[in-house]
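Trainee: Let me give you the structure first, and then I'll get to my questions.
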């Protein structure tokens, strides 16, 4: 089984401190919260006001955007393989998790997505969508009923299931064992070899090799039954499937491990972050102890980490202190000493996800509980801004007071700027916390993002697929030349008229 193309590692990500609700429950929630929102309305723009401002400039900011309403919140999203290429759009797999309140089972949804090619969608069409409707570009292909924890699925071979109360769980192709407590958030797959990494409440990081299932089957242990339960829920659920034991279990965190990631060039090197504010680098070849442990990587819990696919030395972390930090592992020591080479401060709430662009080595994204997905380019930060913390902005494009700015800020001062250094785009299309997003490696600058809409609409979620206008990231000289050519064309047409 080709795990990266036909199968995927899927683990349920539980929300932090709240119960998921379907979209249908939103009316009651909105009624109870309306008075509180009214009290705040005179102090600051409401979520709906900001959303209306954003939607008014969608034709200017975006090359393409698709909005898809979700009945249940999806707490993870991943692009799959490209299936078909056509003249104006490509068809591609899209994987989504679906977390429910228990009235129906949790599921993994496999969808087929029509990705419109650049410079095809009409500007007036991309902003005319109904927030309460499903997108015509996203079609559900198959549903897998997910029992929980860490599994491997061959999604093409799995039968389609109906997620109704009492339905039997889908049978995983492989069950990855080794955790002693819930593995709720942290999961990664090695890009070079079939290795899987996970972290959990047991404070451990667990490493598996998918190829170990061959030896497992040879010993006759395939098809064993394991117990897969959450502590205290009083409900033991047997999950049937072949078991893969871990290659290694690594201890070094003092609290829940929130995220893990592999070094892009090695299946034996990886890192993890957790609620103990630590960033830990591991090397499986040297044992089960941390290779490097940064004790105070942030000023609060760490929620996410990503290792640059373009430079093995650069690592991003996101935290409940609302910031993203970039570390150079050459600056870190085994004694835990090492400061980030830059701090990115453009969020107003906890950062939940960070991810490097697969196309541009200096570009990455971050999403947070403030409902924003920020796109950063650290090459836009002057060298002395990195060294001394100076605030500057280049090629900033965002919605602020109902207008859009595109241009260069030349101020090189240490005074606090209204926007963060290195930030050049903010996606503000979600009205609640953006729990996950994923760059499309087959279609550069196309991103899928999902939000959990419990706080703003009372339940459900929103999926958006979007691509910013290429005028925002192409070389300045190239963009200006195109605009000048367009200007000349308009003048020519006007004079003929």
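From the backbone N, Cα and C atoms, a Cβ is placed for every residue, glycine too.
The compositional bias 'Basic and acidic residues' annotation in TrEMBL covers 22-32. Per TrEMBL, the feature domain 'Histone-binding protein RBBP4-like N-terminal' maps to 49-116. Per TrEMBL, the feature region 'Disordered' maps to 1-48. Feature annotation from TrEMBL assigns repeat 'WD' to 250-292, 295-328, 344-379.
Each of the listed features needs to be described in terms of its position in the shown structure.
Mentor: Packing against the repeat 'WD' (250-292) from elsewhere in the chain are residues 184-193, 195, 197-201, 203-207, 298-309, 312, 315, 317, 319, 327, 329, 332-334, 336, 338: each is 6 or more residues past its ends and has a CB under 8 Å from a CB in it.
Broken down by DSSP into helix, strand and coil, the repeat 'WD' (295-328) contains 0 helix, 17 strand, 17 coil.
Within the chain carrying the repeat 'WD' (344-379), a Cβ under 8 angstroms from the stretch's Cβ atoms is held by residues 47, 300-301, 303-311, 316-326, 386, 394-395, 419-428, 430-439, 441, 444-445, 447, 449, 451, 468, 473, all 6 or more beyond its ends.
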Trainee: What same-chain residues lie close to the repeat 'WD' (295-328): Cβ under 8 Å, and 6 or more beyond its ends?
Mentor: 185, 191, 255, 258-265, 271-279, 336, 338, 340-356, 358, 361, 364, 366, 368, 376, 378
